[in-house]
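Novice: Shown below is the structure under consideration.
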Amino acid sequence: MAKDIYFNEDARKSLLSGVEKLSNAVKVTLGPKGRNVLIDKKFGSPTVTKDGVSVAREIELENPFENMGAQLLKEVAIKTNDVAGDGTTTATVLAYAIAREGLKNVSSGINPIGIKKGIDHAVNLAAEKIRQSAKKITTKEEIAQVASISANNDSYIGEKIAEAMDKVGKDGVITVEESKTFDTTISYVEGMQFDRGYLSPYFSTNKENMSVSFDDAFILIYEKKISSIKELLPVLEKVLGTNKPLLIIAEDIEGDALAALVLNSVRGALKVCAIKSPGFGDRRKAMLEDIAVLTGGVLISEELGITLETVEIEQLGQAKTIKVDKDNTTIINTGNKEQIKERSELIKKQIEDSTSEYDKEKLQERLAKLVGGVAVINVGAVTEVELKEKKHRVEDALSATRAAVEEGVVPGGGSTLIEVAMYLDTIDTSKLSYEEKQGFEIVKRSLEEPMRQIISNAGFEGSIYIHQIKTEKKGLGFDASSFKWVNMIESGIIDPAKVTRSALQNAASIAGLLLTTECAITDIKEEKNTSGGGGYPMDPGMGMM
């Protein structure tokens, strides 16, 4: 296919035009007085959102060169959202400001490579300053404040997230689901829960709801399939002597082994239940080892030289409570706290080392099941449109709150970026080249843009307030919702440090790419044939008489 090629100024101008269009659509959502954006859907009612990344995801421009610029900026929003869960609009505003100021300098003949070096130098210093300025959050009230701001100043959502996090701990899993009612509620699952139910309904101890409930039970954790009851007899006899229930977890239990267990359960000779191992492949073995640590047992594996026939009662796991239904198993643990802590640290290390988002998510789930259980926030709303929008806000707020717990918080409302700009003013740049100094200055000016936009969305002129904040004492900022000068931290106007830092770093990364672009290539659109087309070809001899 033939290509269309733009060079130099033409390429950069077209890309910047696309960046500007996406930035203008996203920036109206910034701050407490940010406006809604209405997004048309081909089917059903339009989506209403105040979430920057949702707006960015929807934008595709007709001009292919402008669209390339817009897609680059979209990457800033999506990356910031993935890393920190919030700050997408701030990142978009910063990226456009740095790109716009940078391209002015490039147009006047300044070397873009030098400008980019200066930008990177300033951003590295700024990111370190944000890290140092962060205040650790520990209380439920502080967590609720962060979550409320990330949920577009919805204090009810903030309180629910703080409540969930308080219950399951910072390593616990919190999932968000759609409620079947109008109310937003939280449900908790203590201990370890996994999606494996009983292999036969005849194991049920409660015939009304067809579930199994054991107290003070033994757990046999076996790596392979069990087909013969002969293998199981020695361990069954040992458990029978203790008069305690037994849960068997194995890759599968089939044939006469399953039949004999069901028969013993129905007759009341032995309280027993059998389930399949959770997970698949390598993850299955890891999860069985987790269960062994959680219950103080041993994974029965031939690799370790243990067979079913030689299992001792001390090698079985123990649980305070076990609940099994047709879909799920829940084990409330009695394991050694020290061993559980060691296992948790090992999983945390694997999370840090993993490069796959999917693997990280699965490891995080395993960690939560070991240390804190699972909380489910069931989001309710009156209409389908409101439900989708609300669920999205809760998910964003949850990610941002995790970021706040991880790296701490800084004053919000764009005031931290102004303080960072003032800090950059004190840095000695005499050893930088002229081009690098220009890049350094671009970052200092661009750091004012988020606050300027927040104030503009509230209906005021940003420049006056930005000048004033530079003369006020540290920690003060402009509260755009009440139109007052306040101490940002004390007033609960805070942002996760990770959100602010990620927004700036991602913005500078993409802006630097735009500045150093010298050529843009895209496919030439083929003109569609609009002449009637269909039917049979006319015989040459059948022209008009």
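Backbone N, Cα and C define each Cβ position, glycine as well.
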Novice: Please pick, from D166, D327, D495, the residue that Swiss-Prot records in the ATP site together with T29, L30, G31, P32, K50, D86, G87, T88, T89, T90, G413.
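Specialist: That ATP site, as Swiss-Prot gives it, pairs T29, L30, G31, P32, K50, D86, G87, T88, T89, T90, G413 with D495.
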Novice: For the binding-site residues T29, T89, which one has its C-beta crowded by the most other C-beta atoms within 10 angstroms?
Specialist: T89
Novice: Which residues does G31 (ATP binding site) neighbour through Cβ under 8 Å, counting only same-chain ones at least six apart?
Specialist: G413, Q453, I454, I455, N457, A458, A480
Novice: Write out the long-range same-chain contacts of G87 (ATP binding site), meaning residues 6 or more apart in sequence whose Cβ is under 8 Å from its Cβ.
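Specialist: In sequence order, the residues whose Cβ lies under 8 Å from that of G87 (ATP binding site) (at least 6 apart) are T80, N81, A400, D495, P496, V499, T500, S502, A503.
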Novice: Looking only at DSSP and grouping its letters into three states, which state does K50 (ATP binding site) belong to?
Specialist: coil
Novice: When DSSP states are folded down to helix, strand and coil, where does T89 (ATP binding site) land?
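Specialist: Its secondary structure by DSSP: helix.
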